[in-house]
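> Sharing a structure, written as structure tokens. Questions coming.
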Amino acid sequence: MAHSGELLSGDQPVETPMGATPAPPLFKKEGKMTTYTDKGEKHEQGKFLCFDHLTFWVGNAKQAASYYCNKLGFEPVAYQGLETGNRDVVSHVVKQGKIMYVFSSALNPGNKEMGEHLIKHGDGVKDVAFTVEDCDYLVQKARGRGAFIVREPYTLEDKHGKVTLAVLQTYGDTTHTLVERTSYSGLFLPGFKPPLHKDPLLAKLPSGKLNFIDHVVGNQGDDEMVPVVEWYQRNLLFHRFWSVDDKQLQTEFSALRSIVVANYEETVKMPINEPATGKRKSQIQASEYVEYYGGAGVQHIAMNTSDIITAIRNLKERGMEFMCVPDTYYDQLRENLKHSKVQITEDLDVLQDLKILVDYDDNGYLLQIFTKPVQDRPTVFLEVIQRHNHKGFGAGNFKSLFEAIEADQNARGNLTILTPNVSKSI
Ligand SMILES: [Fe+2]
């Protein structure tokens, strides 16, 4: 997993006049991965600051919010529903560190939009919201470049201040809300009230230790990755931050292409995945996800921690279920680390005991672990990640992760040999 660096100067060769300073390299290829140094165009006004919150559309928001509180260490922070004068949609907002999730459900029979979303996708992420500066300008820019504006900028206000929002359409039925908070001091957004109920159990459980959203991954159907990446480049002025070479990222059955797009400041990172041709279908290669989600959508949300060992110990104690890699993964890791300059400061025996994965290069490493899907459909799952001077996304672990997921897929009857005319489950 140690990668030798090789500097390249971009997709297309650039002619440099004699004596002129050569153009700086646009990307750096290291083994399986490519990191990019060209941040592209910067917005003349306004900027994307960070992830603001994610909104899940679910069948039963009250129970979904309770699951995230009980299993993952979130706390109820705000509420909207019948008691606050919202007659159509109920929303429970939960928070941990800077991470905010909203769980929304329809209150009345006949809510066509939310009902059809639920029939098609099951519980899932409807919206990924970004905190921005100058919402009006960013929307105007995106509109001018061809983005579909679901909702034009509008302002909400209460005694705690003002917030301007707008909604853009992205992949599948997923949207992006832009949130401009002008020194807003309320719990969440204007109109939200404190939660109705404080669960006494939560204070007795160990902390989830999760701090902020590290990245949000969007799974796409076949050949849809590049058009989606270009949507972010064109409409939001995001740039390519990192990518993986599918040819080396496969098991016998699963293969994946991934390009990570980021805002200019690189505080918002969105990996965009598509399946590469494999012998069988698989969740990570997006096929099983896309089949069960009914199209493109958010596949996983990675949450950053500064103490993954305590976090995972505590989350397991709370009953959260995680993917398991075999002990041979750690035998191989110990062997590989003998040839690397990197020093892992955590105890490998503890990492092995908790099944935390390690990916590294000569300069740093990351620790990560993935949950099992968090609803009955094998669609959305979560990641916990800790970074030590490493900006990757765990490419060195994809193979082990594929294998762990394939074992679960096999149990679900979804590991299928793909042949030109016949598909059969094994
Ligand atoms: Fe991830």
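In case you wondered, yes, glycine gets a Cβ from its N, Cα and C as well.
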> Based on TrEMBL, name the residue from GLU113, GLU116, GLU383 that is recorded for the same Fe cation site as HIS215, HIS300.
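According to TrEMBL, the candidate sharing the Fe cation site with HIS215, HIS300 is GLU383.
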> Name the residue range among 1-30, 31-60, 151-180 that TrEMBL annotates as region 'Disordered'.
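My reading of TrEMBL: the region 'Disordered' range is 1-30.
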> Which one, from the binding-site residues HIS215, HIS300, has the smallest tally of other C-beta atoms lying within 10 Å of its C-beta?
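Each of the binding-site residues HIS215, HIS300 was scored; lowest Cβ tally within 10 Å is HIS215.
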> Starting from the Cβ centroid of HIS215, HIS300, GLU383, the recorded Fe cation site, name every other residue in that chain with its Cβ within 8 Å, sequence order please.
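Residues close to the Fe cation site, other than HIS215, HIS300, GLU383: ASP214, VAL216, VAL217, PRO271, GLN299, ILE301, ALA302, MET303, PHE370, LEU382, ILE385, PHE393.
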> Over the span of the domain 'VOC' (212-372), how high is the average pLDDT in this prediction?
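Its mean pLDDT is 90.
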